[in-house]
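See below for the structure under consideration.
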Amino acid sequence: MTESKAPESAVDPARRRPRSQAWILVGVFFGPLLLAFALYYGGHYLGLNWRPAGSTNRGDLIHPARPLPQVELETTDGKKLDTQGLHGKWNLVYVGDGQCDARCREALVLMRQTRLALNDDMTRVQRVFLATANCCDDQYLGTEHVGLITAKAEGAAGQQMLASFPDGAATATTGRIYIVDPLGNLMMSYDPQAPRKGLLEDLKKLLKLSHIG
């Protein structure tokens, strides 16, 4: 004779209780954590735009990220810079007049000091100055900012490049610093009046989470 199995409904509910209680405990302990994670890191993409008050002074997320166009610009040392030249590294980018006024100089110093503060990770970051006119004060840039990539963002190619920025042609007047990722996407910007440490904090987080660049 074959033994007949008891139907599922006939199983003692007491035998099911430990498993259901375990799932309840998982929800109690990990539910709030998962919700906080989703709101902080995914809230922007869900249209919630929620961040804790402590993070409001950091950079402005450019969403969706904007891929820079495939254009070729001339650098001050006679070389060519195209979007491919930005690939493979994280980029701190400033856009402004080539004579570099006080606000420009302050931004370039911040970019330089931020990169140096990354210590071992600083080789993953490069600095780029896109000069929209009057290029360039080589004596200042070459002496104070060794390693800075300076390119002439003038003419049709320059206009096409600037069209990718949120402020378009007016980008040169904003004084903002931008982050371009290793795939050539414009993804964050920083107001010149924002706390200086915000750029460093955000960049450290990006480098920690990134497997590219």
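Keep in mind that glycine also has a Cβ here, set from the backbone N, Cα and C atoms.
Note: TrEMBL annotation is automatic and uncurated.
According to TrEMBL, the protein carries these features:
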BINDING   CYS100, CYS104  Cu cation binding site
DISULFID  CYS100-CYS104  disulfide bond
TRANSMEM  20-41  transmembrane segment
Just jot down the residues in the same chain as CYS100 (Cu cation binding site), at least 6 apart in sequence, with C-beta under 8 A of its C-beta; none if empty.
-> LEU108, PHE129, CYS136, ASP137, TYR140, LEU141
DSSP output for CYS100 (Cu cation binding site) maps to coil
Cβ neighbours of CYS104 (Cu cation binding site) where a neighbour is any other Cβ within 10 Å | 23
